[in-house]
Structure formats: structure tokens, C-alpha cells
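Swiss-Prot has this to say about the protein:
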BINDING   8-15, 21-22, ARG60, 87-90, LYS98, 114-115, 183-184  substrate binding site
ACT_SITE  HIS9  active site, tele-phosphohistidine intermediate
ACT_SITE  GLU87  active site, proton donor/acceptor
SITE      HIS182  site 'Transition state stabilizer'
Amino acid sequence: MYKLVLMRHGESQWNLENRFTGWTDVDLTEVGREQARRAGELLKREGYTFDLAYASVLKRAIRTLWIALDAMDAMYTPVGLNWRLNERHYGQLQGLNKAETAAKYGDEQVLIWRRAYAIAPEPLDIDDPRHPRFDSRYAKIPAEQLPATECLRDTVARVLPFWNESIAPAIRAGRRVLVAAHGNSLRALIKHLDNISDDAIVELNIPTGQPLVYELDENLRPIRHYYLGDAAEIEAAMAAVAAQGKAKKD
């Protein structure tokens, strides 16, 4: 049996402000840093050790990983960073407040933009300074691979090559792997692992800073999965994620 641990980054500044973040490189809040520290302490207390860790190239995931590894006294763990683990790109929605956008366009439309499997928001213009082609961290990525917007289907197509070419081979080689990434890039991995339908994946809510353990068979199919930590706290965190895209009630 193999084990894989997935962890969404801790609360970011734009999580706190309820903004569409996507590929915008915002940092963790103090709460997010504490979530990462507690996650690392929990992993250490439960006896987890890792041979290899992966994160996206966005600082909220990288910092979450480093804080967690530091709390585990495991800063020596080899780390691989890859853009394919980035959050879903939200196009022109990036930077907008989710509740304000819901008040303007309706909860249903915002839910579609946030979660619909095959519907992407309006793309960034190719000359928009927010376009990833202007970011030096993506300089070696072919321009045609860099998104100006994504639906979840696009995110799955981006993430799965990294699973197939890097994460899965490492697990099959017996390496214990930790992945620190984002709500939608982790949703893409979970959809693949659990064979979740396009419709059902919309309902999956992943809380920040909570280690999610997958026990996998020899074919890397899930035997079971579970969050570490307090069940009530995790349920409350999931509910908070689900409520992010709703208009505020007077």
C-alpha cells in the first residue's frame, strides 16, 4: 500500500478578502501561516515522513510547504516546484471580490464561473499585464501552453501530465510524497484519483491547510482517503469554502 498526502495552501490574503485569486501571486495571512504550522505539527505527531514534496510556483503554496516541513523538522526534504500545480486561472475575474461579483451577476453565475467543469470566465487580453507571459517564472514555458483563463477541465488537462510523469512514478518507486497546491489543482488530482464525474466534482470543497491522506493500492487506485485533524473543524472549513461565492445577505 502507498500513501499520498495532499494539502491545500493555508489561508491567503485574497482568501481573506474573498477575491478570485487564480495565478495572482498573493501571500499567506498570519492565519494561513498558523494553519501550515499546525498541519506540519499534526503530520509529525501522526508519524508522517516524506521522501519528496511538490508545490506549485505560487508563493502561498511554497510557503505553506516550507512552514509545514519546518514544523516537522524536515526542511531537508527535496522539493520540486512546477507550474502545472498552479491554481486554476480565473481570467478577467482575478482580483474581483466573489461576493460582490455574485451580487452583480447572481450566485448561480458565480458558481458556474467558480466550479463549472467546462465553462471558463472571460480570458485576459494577450497584452494584459496580468497575463502569465509577462511573468519571468514562466519564461521557459511555451507561450501556447500558458492560460489566459481556464475551466476545471482545462486545469485537469494541465495537472494530469505532472501526475503521470512525476508524482505517480515517484509513488510507484516507493517514495513518500507530499503535495502542497491549490483548491482546483487538488480538485483535478482528486477527480482523477477517485474517478469523480464532471457534475459531482462541482460539489467538492477542499479546506485550507488540512492534510488529506490517500491510501493507494499497487495500481494507485484509492483504498480510502481521510483528513487528519478535528472532524468538526474540517467540516466547518469546507462549509466556509462553499459559501465564498455567494452574495452577502443584508
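For all residues, glycine too, the Cβ spot is worked out from N, Cα and C.
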Using DSSP with the three-state reduction, classify ARG8 (substrate binding site) as helix, strand or coil. strand
Look at each of the recorded positions, HIS9, ARG88, LYS98, and point out the one with the fewest other Cβ atoms around it within 10 Å. LYS98
GLY22, ARG88, LYS98, HIS182, GLY183 screened against HIS9 (active site, tele-phosphohistidine intermediate), Cα within 10 Å - retained recorded positions: HIS182, GLY183
Where does GLY183 (substrate binding site) sit in the DSSP three-state scheme? helix
Using GLU87 (active site, proton donor/acceptor) as the reference point, find which of the binding-site residues ARG8, LYS98, GLY183 has the shortest Cα-to-Cα distance to it. GLY183
Most Cβ neighbours within 10 Å: which of the binding-site residues GLY22, GLY183 is it? GLY22
What are the sequence-distant neighbours of ARG8 (substrate binding site), meaning same chain, six or more residues apart, C-beta distance under 8 angstroms? ALA180, ALA181, HIS182, GLY183, LEU186, ILE206, PRO207, THR208, GLY209, GLN210
Protein Cβ atoms within 10 Å of GLU11 (substrate binding site), excluding its own: 24
Cβ neighbour count within 10 Å of GLU87 (active site, proton donor/acceptor): 26
Of TRP14, HIS182 (the recorded positions), the residue whose Cβ has the fewest other Cβ atoms within 10 Å: TRP14
